[in-house]
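First comes the structure, then the notes that go with it.
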Amino acid sequence: MTCYSPLLLPLLLLGIFGLCSSFKICAFNVQNFDDAKSANFRVMHTLTRVRLCLEGTKLKHFNYNSILYDAYHYKYVASGVLGRTPQDQEQYVYLYRNETVELTAQYQYVDRKEGNAAVFSRDPFVVRFQAKETVIGDFSLIPLHTMASDAIKEIDKLYDVFEEIKMKWNTENVMFLGAFNAGCGHMTRQDKANIRLFSIPGFFWLIRDQVDTTVGDTTSCAYDRIVVHGERFLKTIKPYSAQVFNIANEYKLSKERVLEVSDHFPIEVELKTKSSGQLQAPVQPLLLIALSVITSALHILPSTSMV
């Protein structure tokens, strides 16, 4: 897929969207976004290009107004600030196209403490979308950014979130996504026996253990993951579409330049649309998902709620 500079966007917007027939959901872990980074043109330029190219990103620490343009008809839904300590405080934010996607429900999961401590370092902020142009139609997203030292317990705890959402919303069309730290020494093959998303049938890990989602030369780890529940949901995923989006190769950037934005690459997956495989006019990208984590109080987005 050819991606264009946002500087050319007013001219190329219609052409970009008109050539796409896809529905992408992506995750992107952008770290340490502060005033200096938000004022860095190279960083913001790269983030905007990623957004335009993927048409679906999960951003951690970003300047919302610099990336979101009203002309694209995007909306966002945000959690409150989450985290055990001030140093760990983050915020989940979903950015989506409101023309073709409807936000139907949202829920801030509250961790039931086990003993004296909660399992999650940042409780998942769960949302439900209706996308009529997709084959699946209705689905829920459960995000997670774990503490590396607690990755096994936190990933396993996602099963409890799933069970609660299944009862609360009467749905099993659930996708889990985020920076799970599910690789290298933080999650070994032996650890999988203690993670219910592995041991209980029906959960499908779309980003494999052998995939490297990190930027640095000293790591090769599948830290970032996408997991779906149920064969019905799995069948509505475009085969082999779950992958890393290597922005270094796409934009011919040095590793040092990419590390200014993040030490993680974006990951993405594509859902089948009702027009997939049919000889008809291509449709524009349907959804842009952003999941943000913000540590600076100056960058906190207003949390949202639905009655």
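For all residues, glycine too, the Cβ spot is worked out from N, Cα and C.
Not measured: the values here are computed from a predicted model.
As written in TrEMBL, here are the features:
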type: SIGNAL; residues: 1-22; note: signal peptide
type: DOMAIN; residues: 52-264; note: domain 'Endonuclease/exonuclease/phosphatase'
type: ACT_SITE; residues: Glu90; note: active site
type: ACT_SITE; residues: His145; note: active site
type: DISULFID; residues: Cys184-Cys221; note: disulfide bond
Among Cys184, Cys221 [disulfide-bonded residues], residue with fewest other Cβ within 10 Å: Cys184
His145 (active site) and Cys184 (disulfide bond), Cα-Cα, nearest whole angstrom: 16
Cys221 (disulfide bond) and His145 (active site), Cα-Cα, nearest whole angstrom: 15
Glu90 (active site) and Cys221 (disulfide bond), Cα-Cα, nearest whole angstrom: 23
